[in-house]
């Protein structure tokens, strides 16, 4: 016991060196990413007019694209360091997962009491040198008990064997008891050090802190060691406690998803039958009668070992499910954190290249729409969640923190890709003024008049009334007239004599371009003219990918809000699948409880 306390003291000193600063900083990562983003966006879109001095406004206009990202990173770093240092004790197990910490403390207290009574010292004083000797106070040693005659028959220390051929007591049985007690003490002391508990006392010691508690791996390790210590006591505990624990395990095995559960049940019932607990088994599950050879000290020890194996099989199954929950939570945490860092790098790059502030605001609007929709989607996932009586080691909290961020990023990416893809395949989806096809009428000896309709600024540059277009060279038959471009329409005609053409653009929509007389206008897109008959010819505008400046403009891309809401639900599909796996893990934990 003294050696165990010394080891615990040594471990405590080592554990206290981990102040929990890095663990707390890791726990604050999603909040710091959000803070850096908000500061960067606000500083970049703030108008220069808020700076009263003209000199400051000029300086800010020149350096805002560099200052905003650096200021966001600096503010997040300072706040993170200060908050992590002031709250470094938040990385302690009782602060990270209070529920799991309380359950561990309760189970540890019961384990500590049993170890103190059953294994009082390293030489197992009071337990007897032979493993066949029942512990003091057991049913087998009670006066007048039904098992007393069997105990007397099994007491190999009372009458040494006189026949040299008769095997004596197995020295390995006593050694196994010593090993079991040593194993239980080691696990107990380790858990006490980690949780800040003192063996054999109700006092509390210093708690350990570290990243393992924030990530949840420390809780899985503590549960695994606790279960190993409880199973080790099966070899030395009074037979009444062993039978009671075995009956509890029988209820946990019935209907459980554990592989080979039927085989484990068979072993458990046979071991209980050997130890004398047949009367507590249901009549349909009672094993056949046993003989005297099944009552030997070695047989009794084997029964205890079998029950220990059954307990370990159950607890290993449960610990594996806990570990799966922790790994799922950590995978979501790391994925969300790396995605957030890359998203901030993308935002910083856009600001460094001096993206318009209006485009940044529009991207922020798309992000918020997707984040809100994704957050509402979590309500549906939580409504179908099962196994709420089992702890998920922070998986629900991680899902709540990172799913809005993933939904917002999916919304922005969905708006960009959908708008570009639709424009490539079916034409523009934006609502900005598009190119107005020109209706051209070409006549010999005419002059060009091009009125400037409202809304064509930047697309059509009118030609002054009365301007004469260049003459064309004559050829046989019909002629063609092709506008030189979208900004300044011109025409050329091919006829037997020199001629001029009149091109009259209209703003009534996608009207065909027509020609009368000896020349027909040919659209710039390359459509062929019908000939000199003047038959109308419909034209198809060129399919172009819209610029990012136009996509991130709410005046043109109002439909982007709808796309953002739709794509904000897409990460919920992956998170829903993750939640389905977590529900199965928690269901397995519930089904291996005694119900």
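Using the three backbone atoms N, Cα and C, a Cβ is placed for every residue, glycine included.
TrEMBL lists 146-167 with the feature compositional bias 'Low complexity'.
Per TrEMBL, region 'Disordered' is recorded for 134-167 (among others).
Look at TrEMBL and you will find 475-541 (among others) tagged as region 'Disordered'.
Positions annotated as transmembrane segment by TrEMBL: 21-46 (among others).
Per TrEMBL, transmembrane segment is recorded for 66-86 (among others). Among residues of the same chain six or more beyond the transmembrane segment (66-86), those with a C-beta under 8 A of the stretch's C-beta atoms are 21-22, 24-25, 28, 32-33, 35-41, 43-44, 60, 344, 347-348, 351-352.
If you look at the transmembrane segment (331-353), the same-chain residues 6 or more away from its ends with a CB under 8 A from one of its CBs are 29-30, 33, 36-37, 40-41, 44, 65-66, 68-69, 72, 215, 359-360, 363, 395, 398-399, 401-402, 405-406, 409, 575, 578. Taken from TrEMBL, the feature transmembrane segment covers 331-353 (among others).
Here TrEMBL flags 359-379 (among others) as transmembrane segment.
For 400-423 (among others), the entry in TrEMBL reads transmembrane segment. Among residues of the same chain six or more beyond the transmembrane segment (400-423), those with a C-beta under 8 A of the stretch's C-beta atoms are 30, 33-34, 332-333, 335-337, 339-340, 343, 363, 366-375, 377-378, 429-430, 543-546, 548, 551, 557, 560, 563-572, 575.
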